[in-house]
Amino acid sequence: MIRVDMPELPEVQTVVDGIQEVVGLKILGVHTHCLKLRQPIQTDLSDRLEGSVIQMVFRRAKYIVVKTNCDVLIHLGMTGKLLIKDHTYQRVKHDHMEIHLSNGKKLVYHDPRRFGMVSWHSNYQDYLAHYGVEPLSDAFSSDYLYQHCRDRRTTIKALIMDQRCVVGVGNIYACEALFLAGISPLKQAKVINKNECLKLVAMIKKVLNQAISEGGTTLKDYRTANNSLGYFQQSLNVYGLEGKGCQACGSSIQNVKITGRSTFYCEHCQS
DNA sequence: CCTGTGCCCTGACAGC
DNA sequence: TGCTGTCAGGGCACAG
């Protein structure tokens, strides 16, 4: 078992659950320190947010949605963190934005690799209009996935990572779910049968739900120790385990590239 | 429309 | 020891 700490859907959900205390607070001001994220932080972000009240914080795909008088979308990218700090907190390297709140605390956006994003929209749904169903919703069913697989020559792994089909399934959980479903990541989507769709959908929901429940516990510990929020760590079966023995059969875990992403699987258990 | 490739960015790590 | 090269990957632009 190895541990990783990239913010996939469960990590984003855990962060959202952990910052509910900001709901109802007034935004006194916003300071941005680096405009060059995945897309530039809008220069009028502060003007837009100052004086407004945070009405709701929730997750859509891997975005954190902060509803005020407009919608603020926050994406953590690879290395992003959203931290609650008190008024004595001093900014450190890679803190790109601070939102000053009416209870004296600050919501701090920290992202060394700057793959993340912060932006305001009048309606967040317009920005995410091309996004598919939530993986943990009833809309993501085996029938839904099966229909999306029709006539698709791409691999099943690329398909479940395509946000137009289903959102929030990143590289790690795609690998893990395919392992648990016994399906090769290299298999063409169009030859996946209904029973395989049933298993795969169930396993995607399982790994995500499991990670969310584990994350809640880890986050609580993390907060106690550091008085701050961050994403957590997840135990894995195949991801990052190239050359190691498969837990189920002992065969060596393979690593192949699929659409540029490292893809870990067991040739014996997945076909 | 469908599919694959490359880019953005910094830090961790391997190899010399 | 310090340098260089490689890799990590979500989302999107772009090419074929």
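Yeah, the Cβs are placed from backbone N, Cα and C, and that goes for glycine too.
Those TrEMBL annotations? Automatic predictions, nothing curated.
Per TrEMBL, the features are:
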type	residues	note
ACT_SITE	A:Pro7	active site, schiff-base intermediate with DNA
ACT_SITE	A:Glu8	active site, proton donor
ACT_SITE	A:Lys62	active site, proton donor
ACT_SITE	A:Arg261	active site, proton donor
BINDING	A:His94, A:Arg113, A:Arg152	DNA binding site
DOMAIN	A:7-116	domain 'Formamidopyrimidine-DNA glycosylase catalytic'
DOMAIN	A:237-271	domain 'FPG-type'
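A Cβ distance under 8 Å defines the sequence-distant neighbours of the domain 'FPG-type' (A:237-271), meaning residues of its chain 6+ beyond its ends; these are 2, 4, 155, 157-158, 161, 171-172, 175-176, 178-180, 182-187. Of all the recorded positions given, namely A:Pro7, A:Glu8, A:His94, A:Arg152, A:Arg261, those whose Cα is no farther than the 10 Å limit from the Cα of A:Lys62 (active site, proton donor) are A:Pro7, A:Glu8. The closest partner of A:Pro7 (active site, schiff-base intermediate with DNA) among the recorded positions, by CA position, is A:Arg113; the full candidate set was A:His94, A:Arg113, A:Arg152, A:Arg261. Once Cβ contacts within 10 Å are tallied over all protein chains shown, the recorded positions A:Glu8, A:His94, A:Arg152 are led by A:Glu8. Summary: among the recorded positions (A:Lys62, A:Arg113, A:Arg261), the fewest other C-beta atoms within 10 A of the C-beta are counted at A:Arg113.
Over the domain 'FPG-type' (A:237-271) the predicted model carries a mean pLDDT of 91.
A:Arg261 (active site, proton donor) and A:Glu8 (active site, proton donor) are 15 Å apart (CA-CA, integer value). Assigned with DSSP, the residues of the domain 'Formamidopyrimidine-DNA glycosylase catalytic' (A:7-116) fall into helix, strand and coil as follows: 18 helix, 40 strand, 52 coil.
Spacing of A:Arg152 (DNA binding site) relative to A:Arg261 (active site, proton donor) is 19 Å (Cα to Cα, whole number). In the three-state DSSP classification, A:Arg261 (active site, proton donor) falls within a strand. The helix, strand and coil residue counts that DSSP assigns across the domain 'FPG-type' (A:237-271) are 0 helix, 12 strand, 23 coil. A separation of roughly 18 Å, to the nearest angstrom, links the Cα atoms of A:Arg113 (DNA binding site) and A:Arg261 (active site, proton donor). Cα-Cα distance from A:Arg261 (active site, proton donor) to A:His94 (DNA binding site): 26 Å (rounded to the nearest whole number).
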